[in-house]
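Q: Please find one structure pasted underneath; my questions will follow.
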C-alpha cells in the first residue's frame, strides 16, 4: 500500500500544468459549450449573440491564464528588473481577436465557431472597445504593453479602471453630441478583480512635524481596488499584466462624522469617494486644472507605488511578508516610466515614502528616486502643459507640496551654482511659477526628478532641447534622449489587414511579424508584376469591404474606385482639419467651374472626436458635415467627390478604415505634432502620405525617400521666420483667388444657407488669430494634392510607391521603440526567447 501523501505533496496536485488546454477544434468546441452552460448559465434556446461572444471570450481566456500564471511564477523565480509604465490612459480597443492572434488560436477558433453555426466576425463586433484613452498617448501605451510582452520584459501597465471611457460621439443635425460610454454594462470577461490587493490612498489632512520627522495626519481615505488584465506577447508564452485601479469607499466612510440618523446619507455619500475612477477626462492636448483630475492623478500614483514597493520587498520569496528592507537596490530592480506629466506626482510620492515612512535621509532618497524615474514628454503646446495651482495642492496633498518646495529649493541651488548670477534663469527653471495664481510646473518637476527625459520623434526631441526645455538641457544634457514612437504590427497589420499580411508572408515568410525590419526584403519585389497586382488587389478588397460597412452602418454610398483620402485623429486646430476642408471646397469649386473636365474621383473622409468644451473643434466638425451636405447632394458633382464625416472614430473603427485608405493626411503645422502614430499605421497598411515635415513624418520620409512621400508646406525654420516677421492671413487672402473664393463662401453662408453666419467664428479665426497658419500652407497643399491625383491615374506607379512605403516602415514598430527604452533608459535587455507552454516542464 502506498504511503499517504504529505500536505506538501497533496498541494503539488494544485498545478497549472495539469490544466493545460489542448488547442484543437474539438476541445475549443467542448470548452465553448461548457462556458455557455456553466459560466453563462444559458442554453442554445435562450442564448443571445452576446452570450456566444462571452462564451468564446472565456474559451480563449482559458488559454491565456495558464501562461499568465506561469509568466508571473517565472518573474518570481528570476527576480528580473521590473518595468512600471504609469499612464492615465490605456486605449486598448478590443481584446478577443488580438488574443487569438498572439496565441495562434485564430484558425482553430474560426473553424470551431463555423462548425457551431456561428460567424466569428459577428461575434468580434459585439465586443465593446476598452476606450480608456483620448487618442495617441493612450493608444501608444497599449502598443507599448504589447511590445513589452513580445520582448519578454517583466513589465506592468498601471492606470485607472474608468467606469466610463472616452464618450461615444453621435452626429445630430451636423453637430457632435456626446454619450456616456458605459463599456462595463455587460461585464468584462478579460479582467480579474483582485480585492485582496486593495490599498488605501490618502487625501486632504495636514502635516505635523514631530521629532521623528513629518507626519501626514487626519486624511480622508479612499480604497484602490486593482483589476488585472492579461497582456499576451506574440507567440512566446509571455503574459504580462495591466493593473487598473478602481476607487472604493472604505466601510466606515463618513460614518464617524455623522450624528445618529445620518447612516443612510453616509452610505449614499460613498459615491463621492468612488467618483475618482468614474470617468476619463476627454481633453486631448489641453490642461484643465480640475480637482477631480488631480485626485485621479494622485490616486493612480499612490496605489501603484505601494504595489511596486510591496513587490520589491517580497519579490522572489513567494510570500507577502516584507523581506527586502534596504532600498539601495531599488533602482536596479525597478524602473518607473511616466507617460507624460499626468503621473508626475510619483516623484514627490516616492520621496514621501522613502523619507517619511522608510526614514531615509533626503539625499539618498533623492538619488534613488531620480535613478528610478524617467519621463516621456508628448507635447510642446503651451495650453497642454500641466501647471497645478498651489492652493489646490495645499488642500489636497499638503505633504507633497512641502516636498515639491524642498525639491525646488535644492534644484535651484544647483542651478545657481552652475550659472552664478543668472537670476532670470532661476525664474525660468523654477518648479514654482509666480503670478496671479501660484502654480507648480509639472514638466519641470519631472525633468528634475528623472534620470532620462525623452521626446517621441527626432524633430520633437530637438525642439525640446532648443526651446521649452533649453535651460534644463544646458544644465543636464545627459538626461535628454529621443525615442521615436512606434505601433504594434500585431494589431496594426496582422489583425486589421490579414490580406496584406498574407501577401507579404507569401514572399518573405512570417518573421516580419516580430521583426518588422524584415519588410525591407520587399524592396526586391517593387518591379514584380505579380506582387504589384497582389498588393493592389488586397487594397481594392479592403476598400470594397469598408464601403460595404459604411453602407450597412450609416447608409452612406461611396464610389469604391475613387481615391480614399483619409484624415482620422482628434479634432484640434493644430492638426489642421480646416486645411483639408479648404482643399475639399477648392476641388468642389473646380468641378463646378469645369463640369466636363476629367477629375480623379475622391472620397474624403474625416473622423475624430472634439473635446466637449472645445468650441472651435466642434465648429470644425459642423463645417465638415455642412460641406458634405452641399457636395454630396450636388448632381453636377456626381461620384467625383464625396465628403464623409466618420462618426465615433475609435480603435475598432481605425482597424477598418486604415487598411482601406489610399491617402493619409498628416498636415499639422510644422513643430506642433510631437510624433503622431496614425501616420505609421497608414504607411504600414499601404496608404501614401501627404504631410508636412512634422513629428515622425520627417523620419518616415527619410526611410521611404522623399520622392515616395507627398511633402508640402513650411518647415519648422520657416514657421519660426514667419513668426518673427508676423503672420498676416490677409496677404494670402488678397494674393490667392481660389482661397479668397473659399473664404467668401464660408462667410456668405454658401454652406449654411439657413444660418449664413454659422461659420463666422472659423472665418474670423483664420483671418485674424490663426496660431497654426492654415493660409500659409494652402497654396503648396493644393499643388501637392494635384500631384497625388496625377499619380493615382497611374495605378502601377502608385502601387510601386505603396510597396516602397510598406517596405521601409519597419523602423516604426513599437518593438524597436521599446527595445531602445529597455537598453537606453531602463537598463534591461529585451529577449525573444519563448517561455515553456503551460503543459511543458519548466
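Glycine is treated like the rest: Cβ placed from N, Cα and C.
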Q: From the list 15, 211, 315, 668, pick out the residue that Swiss-Prot labels phosphoserine.
A: 15
Q: To the nearest Å, how far is the Cα of residue 109 (site 'Involved in the association of subunits') from the Cα of residue 43 (AMP binding site)?
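A: The separation of the Cα atoms works out to 20 Å.
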Q: Could you tell me the C-alpha distance between residue 747 (phosphoserine) and residue 314 (AMP binding site) in angstrom, no decimals?
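A: If we compare the Cα positions of residue 747 (phosphoserine) and residue 314 (AMP binding site), the gap is 67 Å.
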Q: Please list residues from the chain of residue 312 (AMP binding site) whose Cβ is under 8 angstroms from its Cβ, counting only those at least six apart in sequence.
A: 324, 330, 333, 334
Q: Residue 2 (N-acetylserine): which of the binding-site residues 43, 310, 314 is the nearest Cα neighbour?
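A: Out of the listed candidates, the nearest Cα belongs to 314.
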Q: By Cβ count within 10 Å, point out the most packed of the recorded positions listed: 310, 681.
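A: The residue with the densest Cβ neighbourhood is 681.
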Q: Give me the CA-CA distance between residue 473 (phosphotyrosine) and residue 430 (phosphoserine), in Å, as a whole number.
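A: Spelling it out, the Cα of residue 473 (phosphotyrosine) and the Cα of residue 430 (phosphoserine) are 14 Å apart.
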Q: DSSP on residue 310 (AMP binding site), three-state: which is it?
A: helix
Q: Considering only the binding-site residues 43, 310, 314, which residue has the minimal Cα-Cα separation from residue 143 (site 'Involved in the association of subunits')?
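A: Result: the closest of the binding-site residues to residue 143 (site 'Involved in the association of subunits') is 310.
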Q: Under a criterion of Cβ-Cβ distance under 8 Å and sequence separation of at least 6, what residues of the same chain contact residue 156 (site 'May be involved in allosteric control')?
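A: Once residues fewer than 6 apart are set aside, residue 156 (site 'May be involved in allosteric control') is near 82, 83, 84, 85, 240, 241, 242, 243.
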Q: Based on DSSP, name the secondary structure state of residue 748 (phosphoserine): helix, strand or coil.
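A: Assignment for residue 748 (phosphoserine) reads helix.
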